[in-house]
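Right, one structure below, let's go through it.
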């Protein structure tokens with residue numbers, strides 16, 4: 001008696017655990033007579049960009065809005081990740097090249113994993129499931145063992161710092177302004193933000209008074225009285241500072257000092273030198289101080305002659321000399337948080353750090369600070385920029401950098417705002433050299449034009465508009481003083497004047 005024909009064996013619903021050692025045989029598409037094609041997963045490197053505003057960084061964190069969480073969800077909705085692996089990145093060998101901080105953007109970010117890339121159109125499906133501030137450029141097939149983090153040799157970050165931030169005369173601290181009163185060379189403070197680093201009620205973000213002042217085309221003559229000078233520069237900004245006694249930085253002054261704090265818009269006869277690179281329509285928030293002898297020209301003439309601070313050859317050489325102190329292998333424990341000097345992770349290698357070019361966006365000129373390194377710690381780049389800006393503004397000596405990188409010195413250094421920082425590119429030099437004959441090059445070359453468009457449309461415009469509307473950098477500059485950061489006056493080698501090993505020199509206010 002013949003046995004009845006056995007029914008086709010049902011596939012095992014439990015999918016075997018994926019391994020990073022799969023072969024090219026895994027890439028074949030299998031079919032059955034009564035089912036649609038089943039596609040195999042493929043190891044790929046995905047290239048994408050994002051504007052970090054509104055996100056708590058790249059890495060997924062429960063309860064926080066992150067780039068990684070949105071990208072993982074888009075991969076699932078696009079069919080690249082199956083239902084059983086949703087929310088479990090280990091199942092598809094997930095790896096990222098860099099972890100950007102809160103608010104930090106990226107142009108050349110790379111992640112890798114094993115995904116279903118068939119049928120064609122994955123990039124379009126991904127972008128349709130992502131917000132406009134996250135764009136997928138494309139992907140490259142890579143070896144089964146590829147890991148976006150481990151195979152990334154170097155990373156290049158760019159920090160855009162406004163040119164006015166490098167001017168020692170712009171956005172002066174409280175002590176300098178008070179010291180100038182009655183001296184005949186009174187400093188003109190920022191008209192849109194508090195010199196103590198806080199927003200001024202009813203003034204911050206409004207720019208109408210600048211256009212009124214410029215349209216008047218008033219000439220500041222040498223023999224003009226102080227009252228007329230105040231009228232020329234616009235009397236509407238003359239108001240008392242509303243300073244909260246429960247301030248965040250602990251800088252609480254006595255009542256007499258508080259009563260002296262006013263928004264000066266031209267007491268005496270100071271000269272106003274507007275930023276040369278800024279248009280009349282988008283006037284910079286900074287007004288520079290110069291001597292009374294040069295105060296015989298109009299604001300418009302001053303702009304035309306370019307007498308305001310500019311990033312010239314001398315300034316470029318000095319700033320680059322400061323940044324070069326970071327190059328090489330150093331202990332950066334003072335340039336991050338919660339990392340001790342004895343921790344091996346505090347040792348980092350910086351390949352290059354320079355600021356040779358400028359870019360003008362929405363009327364604001366920025367200096368491009370490009371840093372290349374193997375890897376970076378939390379806030380490291382922003383703290384390196386913070387110290388460099390403090391030095392070029394003469395708030396700290398150049399020797400502070402070398403002192404801060406000593407293991408036996410613990411100091412507190414300023415952190416530049418996150419808005420100007422973005423990940424520019426990740427490099428996979430060793431991998432590309434090893435697999436150049438059999439696999440595609442893992443690089444941004446094929447996406448350079450698209451990446452540049454995204455950079456200008458989303459990242460650069462966001463940085464410039466944020467500075468226009470909120471004055472983030474301008475506000476931050478007011479904190480770069482010895483009251484907020486006494487460690488900026490750190491003594492070389494961490495030794496105080498009494499010969500004892502210490503962190504800083506204790507100087508009475």
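Glycine is treated like the rest: Cβ placed from N, Cα and C.
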Fill in: Candidate ranges 1-36, 37-72 [criterion: TrEMBL lists as region 'Disordered']
1-36
Worksheet item: Between residue 157 (substrate binding site) and residue 101 (active site, nucleophile), how far is it from one CA atom to the other, in Å?
Response: 12
Fill in: Greatest C-beta neighbour count within 10 angstroms, which of the recorded positions 101, 157
157
Worksheet item: Looking only at the domain 'Pseudouridine synthase I TruA alpha/beta' (324-428), what are its DSSP counts of helix, strand and coil residues?
Response: 31 helix, 36 strand, 38 coil
